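Participant: One structure is given below, represented as C-alpha cells, and several questions about it will come after.
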C-alpha cells in the first residue's frame, strides 16, 4: 500500500510544482499579463510553489517512513517553512479578494487606489505577517507550553522518531486567528459583496443609488430607433443575464468551497489538538495534506475563470486553444486602458 501512497503524493507534488511554476513563467513572459492585479497572483503562486518544493517532500518522507529521516536540525526549520508558506498562501488569497473587490465596486478609481507601490507593500506585509507567525515563535519556543527552546519538536517512541509541531493553546488560537479565521472572514465578506455587485449589474439596465460606483449594464439587443424593445427580446435579455448571475454564483461557490474544504478542518482540528491532545496522528496527517492540496488547486481554479490566462496558455498549450479568439477580460481592460470606463459586459467570472 505504501507504493500507491508514494505514487499519489509524488503526483500531488509534481502537479503543485509544475502548475505554479508554469503560471509564474506565464505572467513573467507575457506582456499582456504584467499588470498590478497579477502581482498578487504571482505572490500566491510563489507561496504555493514553495509549498510544493520545500514543504511537501519532507512531509511525504514523514508519511512513508513514519519517522523523521533527515537531519535533526532541519526539523524546526521545515516546521517554520511549513507554517510560513501555508500562511502566506492563505493571506495572499485574502489580498486577492480585496483587490477583486476594489476592482468590481469602483473600477474607475481602481488604478488610482491600487498602484504598483501599494500592491508591493501589501505583498510585503503578507509575507512579513506569515514569517512573524512562523519563524519567530518556533525559533523562540513560544509555541511550547513550557516556553523553552528545543532543538526538535518530536513525538513518538524516541527523540528521533517524529517531527511534529506540538503547539500550545495560546499559540494555536493566535496563529489560527491571524492566518486563517480573520482572512477567511475577509474573503467571505469581499466575495459576497462582489457577488451582490455582479448580480446587481447583471439584473439592472440602469444605475441606481445603492451602488453608485458599479458600472451600469445596458441592453445590447439591436432594435430600430423608433421601435421599443419587444417582449420576446426583453425576456431573452433577462434570461441571458440571469444565467450569467447563476454562473457567477456557481463560480463563487467553487472558489469559497475549495478554500474552506481544504483548510477549515485542519485549523479546527489544530485547535482541538492543542486543547485535549486527543486527535490521532494519522487523521491529523490526512487533514494536513488536504490543506496542502489547496496549493495544488489554486493554479487550476483561479486562471480557469480568467480569459487572459486562457488566451496566453493557448499560445503554448494546444489543448487550451480555442477556435475563436476570446475577448479580453475586464481585468486586462481596466489595467491597459486607464482612460476608458468599465465595459458593459463586466461579469463576476472575468473579475474573479
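Cβ atoms here come from the backbone N, Cα and C positions, even for glycine.
The model shown is predicted, which means the values in this text are computed figures rather than measured ones.
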Participant: Have a look at 223-244, 245-266 and point to the one annotated transmembrane segment in TrEMBL.
Facilitator: 245-266
Participant: If we skip the immediate neighbours and take only residues 6+ beyond the ends of the transmembrane segment (39-57), which ones have a Cβ under 8 Å from one of its Cβ atoms?
Facilitator: 9, 12-13, 16-17, 20-21, 23-24, 27-28, 78, 81-82, 85-86, 88-89, 92-93, 95-96, 99, 116, 119-120, 122-123, 126-127, 130, 292, 295-296, 298-299, 302
Participant: In terms of Cβ proximity under 8 Å, which residues at least six beyond the ends of the transmembrane segment (6-27) contact it?
Facilitator: 33-34, 38, 41-42, 45-46, 48-49, 51-53, 56-57, 60, 63-64, 289, 292-293, 295-296, 298-300, 303, 309, 312-313, 316
